[in-house]
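My structure is below; once you've seen it, I'll send some questions.
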Amino acid sequence: MSIRNTINRIIIRRNMSDSIRHYDYLVIGGGSGGVASSRRAASYGAKTLLIEAKAMGGTCVNKGCVPKKVMWYASDLATRIGHAHSYNLFEDLPLTKENLTFNWPEFKKKRDAYIHRLNGIYERNLTKEGVDYVYGWASFTVDGKVQVKKADNCTETYTADHILVATGGKPIYPAKIPGYDYGVSSDEFFELEDQPKKVVVVGAGYIGVEIAGVFNGLGSDSHLVIRGETVLRKFDDCIQETVTDTYIKEGVNIHKSSNVTKVEKDESTGKLNIQLDTGKNIDNVDSLIWTIGRRSLLGLGLENIGVKLDAKEQIVVDEYQNSSVKNVYSLGDVVGKVELTPVAIAAGRKLSNRLFGPEKFKNQKQDYENVPSVVFSHPEAGSIGLSEREAIEKFGKDNVKVYNSKFNAMYYAMMEEKDKTPTRYKLVCTGEEEKVVGLHIIGDSSAEILQGFGVAIKMGATKADFDSCVAIHPTSAEELVTLT
């Protein structure tokens, strides 16, 4: 793109005025799915506009996957530094958890600067692909136009042949609990300026588990309040049990079968008192973090054009991402199918392939089956396909065979028992050919290991296919191709 064209594009963005501008494709939401779809559409020559309310990259870049993983790295490194003595390293240094120092404010500055750089990269990539973008809050008018209210309260109006709603989600707050607003959401976790000495995380899902693990690894007195007996209840039993037991062993205070009933604040100290329905109180708390779920981010005037929502207020779409209104589409967290960044990216690209690409893509759609997912807990956990329970429900107990292995990875061979974390693998197979319909792993590097095995399961691999692969020794992953 020439300098003149670049300048012209900047001028267009600055002077999109009161006149109504028309596009081939208008995308509401600058998260992973929206950005991917807009860039792919523009690559086919579609005149494309992307509207984002806050910062490019959406939840993943700004309040989710990316800053979370950076925090996880810090916490994981803190834990591993403590293992050095087992390998006779730094024997003259006190590398215990009690002696750990972590400069949270300085680390936050570096992390936030990294995220800001990513925001800029997103903007530059959009410009490179020829996508126009504006910042502001989008809403539909009754005649199907899209109005954007910008930060300066100016309003711009657009029309388009095709419109994608990819606005993502937002955290849920327990508004009925007295004092709930003394706590913050998982989004606001990244805004904490100082490390809390004592923290309570509420919620058994992967977000709560990851945040509690980060705090514990960095030396905070970490409490996790869950309604059931185990964390990660949407995962296979082996993951639920292993992560729960390991967290307890590593010092996370898990309050099982508990619900928060009231939150009080001592105005003189700023400390919180968390009351549970078990009669127990957690006092002298510095920070309370709610991770009890997320809901679709709407407020777009979808009712003005008749877009149908389900009982959870998620946009109803068919297998091709079509909403109930012609030429209006939706994907990502706002539809609630598989709420993962790579899924939104893949769905966004395939939608644009279908709408603007060559004939070979006219029936392309996203496959939501066998999507690998991981939890950056301590240790990591990963899963693809059916859990053992789901497989039995679907195929019958007599048609399901399960292979299990539990061991200590070689990394821990030099350590005392108290410092070891378990590795546990499970294959769920069905039918005479023993097709692998589920794989569940817990242990170091599970996220990296799962990616390759995810390809195998997506291709329909059988237990015999796994067995035919020569193991890489010595590794933990070799266990998956030697299970008996």
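We number each residue from 1, going along the chain as drawn.
Including glycine, each Cβ sits where the backbone N, Cα and C put it.
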Ser32, Ser257: which one does Swiss-Prot list with Arg39, Tyr122, Thr242, Arg349, Lys426 for the glutathione site?
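Swiss-Prot names Ser32 for this glutathione site.
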Can you tell which of Cys65, Cys154 Swiss-Prot lists as bonded to Cys60 through a disulfide?
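Of the candidates Cys65, Cys154, the one Swiss-Prot pairs with Cys60 is Cys65.
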According to Swiss-Prot, Ala204, Ile207, Glu210, Arg227, Arg233, Glu339, Val374 bind NADP(+); which one of Gly293, Gly299, Gly301 is listed for that same site?
Gly293
In the structure shown, which of the recorded positions Arg39, Arg227, Arg233, His473 has the fewest Cβ neighbours within 10 Å?
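Sparsest of the recorded positions Arg39, Arg227, Arg233, His473 by Cβ contacts within 10 Å: His473.
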Give me the largest Cα to Cα distance among Ser32, Gly33, Glu52, Thr59, Cys60, Lys68, Ala138, Asp333, Thr341, His473, the residues the record lists as binding FAD, in Å as a whole number.
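Largest pairwise Cα separation, rounded: 55 Å.
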Could you check which of the recorded positions Ala138, Thr242, His473 is the closest Cα neighbour of Gly293 (NADP(+) binding site)?
Thr242
List the same-chain residues at least 6 positions away in sequence whose Cβ sits under 8 Å from the Cβ of Glu52 (FAD binding site), in sequence order, or say none.
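In sequence order, the residues whose Cβ lies under 8 Å from that of Glu52 (FAD binding site) (at least 6 apart) are Gly29, Gly30, Gly34, Tyr133, Val134, Tyr135.
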Give me the count of other Cβ atoms within 10 A of the Cβ belonging to Ser32 (glutathione binding site).
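If we count other Cβ atoms within 10 Å of Ser32 (glutathione binding site), we arrive at 29.
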Can you see whether DSSP assigns Arg233 (NADP(+) binding site) to helix, strand or coil?
coil
Highest Cβ count within 10 Å among the binding-site residues Thr242, Thr341: which residue is it?
Thr242
For Ala138 (FAD binding site) and Ile207 (NADP(+) binding site), determine the Cα separation and express it in whole Å.
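Here the two Cα atoms are 28 Å apart.
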